[in-house]
Amino acid sequence: MGDWLLRRRGLALLLVLTLLLNLGALGLEYLADMPPCPLCWVQRGVFGLMSLVALVGLVYFPRGWGRWPLAGALGLSALTGVIIALRHLYIQANPDAVSCGMSPEVLAQFLPWWEVLLEILSGTTDCTQVDAVLGVPLPGWTLVGYLALGALGLYAVLARRA
């Protein structure tokens with residue numbers, strides 16, 4: 001029973017931390033005047049997805065083989081976040097790699113959603129602006145967050161009983 005409770009607390013901690021990270025992003029946006037670029041919005045969405053997966057894990061909390069789909073969803077969402085954060089860091093390090101484009105709102109009016117997503121993931125000139133906290137660019141912090149929270153989530157779901 002103690003091991004089950006410990007793993008459940010890990011998922012609860014994952015849920016709280018991902019929600020706090022998104023709340024912190026809103027604080028940076030409105031209080032520190034750091035408007036998000038399209039890739040920042042996608043990264044917030046990935047943290048939201050991790051929150052949703054953690055909530056499903058808390059409510060359903062599968063055992064045995066049932067925990068593997070939950071671990072897969074957590075791992076896949078964390079990996080997606082890592083890839084997007086690395087892409088964002090690449091764009092910030094190489095601002096010439098992106099070109100000026102239309103805003104996602106305008107694209108959404110004319111293109112199918114998957115093409116809009118591909119355009120967002122390719123980056124815009126808005127994504128080249130480097131906003132840093134404690135000297136580290138924000139995508140660097142999100143990269144650390146995805147790695148740490150992905151590891152926490154996988155440990156909470158897959159840890160073996162002692």
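Indices start at 1 and increase along the chain as displayed.
Just so it is clear, glycine is given a Cβ too, placed from its N, Cα and C backbone atoms.
Sequence annotations record features per position, and here Swiss-Prot assigns disulfide bond to Cys37-Cys40 (among others) based on sequence analysis.
According to Swiss-Prot, the disulfide bond annotation covers Cys100-Cys127 (among others), on the basis of sequence analysis.
Here Swiss-Prot flags 1-10 (among others) as topological domain 'Cytoplasmic'.
Remote same-chain partners of the topological domain 'Periplasmic' (28-45), defined as residues 6 or more beyond its termini with a Cβ less than 8 Å from a stretch Cβ, comprise 22, 81, 84-85, 87-88, 91, 104, 120-121, 123-124, 126-127, 129, 131, 133, 138-139, 142. What Swiss-Prot lists as topological domain 'Periplasmic' is 28-45 (among others).
For the topological domain 'Cytoplasmic' (63-68), the predicted model reports an average pLDDT of 81. According to Swiss-Prot, the topological domain 'Cytoplasmic' annotation covers 63-68 (among others), on the basis of sequence analysis.
Swiss-Prot lists 87-140 (among others) with the feature topological domain 'Periplasmic', giving sequence analysis as the kind of evidence.
If you look up Swiss-Prot, you'll see 11-27 (among others) marked as transmembrane segment.
Taken from Swiss-Prot, the feature transmembrane segment applies to 46-62 (among others). Sequence-distant neighbours of the transmembrane segment (46-62) (same chain, 6+ residues past either end, Cβ-Cβ under 8 Å): 4, 7-8, 11-12, 14-15, 18-19, 21-22, 25, 69-70, 73-74, 77-78, 80-81, 84, 142, 145-146, 149-150, 153, 156-157.
Counting residues 6+ beyond its ends, the transmembrane segment (69-86) has Cβ neighbours under 8 Å at 14, 39, 42-43, 46-47, 49-50, 53-54, 56-57, 60, 62, 121, 139-140, 142-143, 145-147, 149-150, 153-154, 157-158 in the same chain. Swiss-Prot lists 69-86 (among others) with the feature transmembrane segment, giving sequence analysis as the kind of evidence.
The feature transmembrane segment is assigned by Swiss-Prot to 141-159 (among others), with sequence analysis given as support.
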Secondary structure composition of the topological domain 'Cytoplasmic' (63-68) [DSSP: H/G/I, E/B, coil]: 5 helix, 0 strand, 1 coil
The topological domain 'Periplasmic' (28-45): DSSP-derived helix, strand, coil residue counts: 11 helix, 0 strand, 7 coil
